[in-house]
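The block underneath contains the structure these notes are about, expressed in structure tokens.
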Amino acid sequence: MLTSLSWICWVFPNSVFAQQLGSGLYGLGIGSIGLDWASVSSYLGSPLASPWFATANVAAGFFIIMYVITPIAYWFNFYKARNFPIFSDGLFTESGQKYNITSIVDSQFHFDTKAYEKNGPLYLSTFFAVTYGVGFASLTATIVHVLLFHGSEIWQLSKSAFQEKRVDVHTKLMRRYKQVPEWWFICILIVNIAVTVFACEYYIEQLQLPWWGVLLACAIAFFFTLPIGIITATTNQTPGLNIITEYIMGYLYPGRPVANMCFKVYGYISMSQALTFL
């Protein structure tokens, strides 16, 4: 089934430069036309469900990142960018060859420092590196935006919740339905955290994640659920915690890739499931 047309690549099939410009899979996708709705809505969701200002913001950000910052960084060869594909999520050696990840992990799935020094540093493509930077910036922008534009509202609603004043119209409408007892949710939360801590401690050699890592992941998910939930509700876009959780665990508990992945799952997926439930 034909899902897209990259006509620049068809016109110049043997040109690397044309592939970098026109390919929707390995390049900037200039002139590429999508014919499958799934390819349009699979990553950021349906644009029909987003308000105009959010769609315009995403379009402007995409243009700046994809057609301004990435090409400039690539063709000016920042950090040896031209040794690697302009658009790829792969990992590379300094010469542009595919990085052998298994060679820097020992039999116990720990990071092998000597093997890494032998193989050399790991490199990302220009676009992949830029997306990591944008991932950090988006979380900072989320917190600042929510504090500036919704801080007073959050404070007022928090005070009214403790005083049992129901000022929200949706809450008033829902009062006619019998609520699920809150202690059910609390019990499920406590049991799940306890089971997760037990699993991580019992299988510490396999999972590598200590008990404090589970609690820290839960704390991160708890902290970001409200600000990211507000952004999701108002823009239909959900910033992810996958990058910051990798960074935090890599800094606090280095050399243990399995622990890093488990920490990301408990931090990122917990928040995502909470937002899905809400």
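Cβ coordinates are placed from backbone N, Cα and C, and glycine is handled just like the others.
Annotations in TrEMBL come from automatic prediction, not curation.
Remote same-chain partners of the signal peptide (1-18), defined as residues 6 or more beyond its termini with a Cβ less than 8 Å from a stretch Cβ, comprise 24, 29-36, 38-39. Marked as signal peptide by TrEMBL: 1-18.
Sequence annotations record features per position, and here TrEMBL assigns transmembrane segment to 28-45 (among others). Only residues 6 or more beyond the boundaries of the transmembrane segment (28-45), in the same chain, are considered here, and those with a CB under 8 A from a CB of the stretch are 1-8, 20-22, 58, 66-67, 70-71, 86-87, 236-237.
Only residues 6 or more beyond the boundaries of the transmembrane segment (52-76), in the same chain, are considered here, and those with a CB under 8 A from a CB of the stretch are 28-30, 44, 82, 86-87, 126-127, 130-131, 134, 234-237. Per TrEMBL, the feature transmembrane segment maps to 52-76 (among others).
Feature annotation from TrEMBL assigns transmembrane segment to 122-149 (among others). Sequence-remote contacts of a segment are chain residues at least 6 beyond its ends whose Cβ falls under 8 Å from one of its Cβ atoms, and for the transmembrane segment (122-149) they are 61, 65-66, 69-70, 73-74, 78-81, 83-94, 99, 116, 224, 226-228, 230-231, 239-244, 247.
The transmembrane segment annotation in TrEMBL covers 183-204 (among others). Sequence-remote contacts of a segment are chain residues at least 6 beyond its ends whose Cβ falls under 8 Å from one of its Cβ atoms, and for the transmembrane segment (183-204) they are 210-211, 213-215, 218, 262, 266.
According to TrEMBL, the transmembrane segment annotation covers 210-233 (among others).
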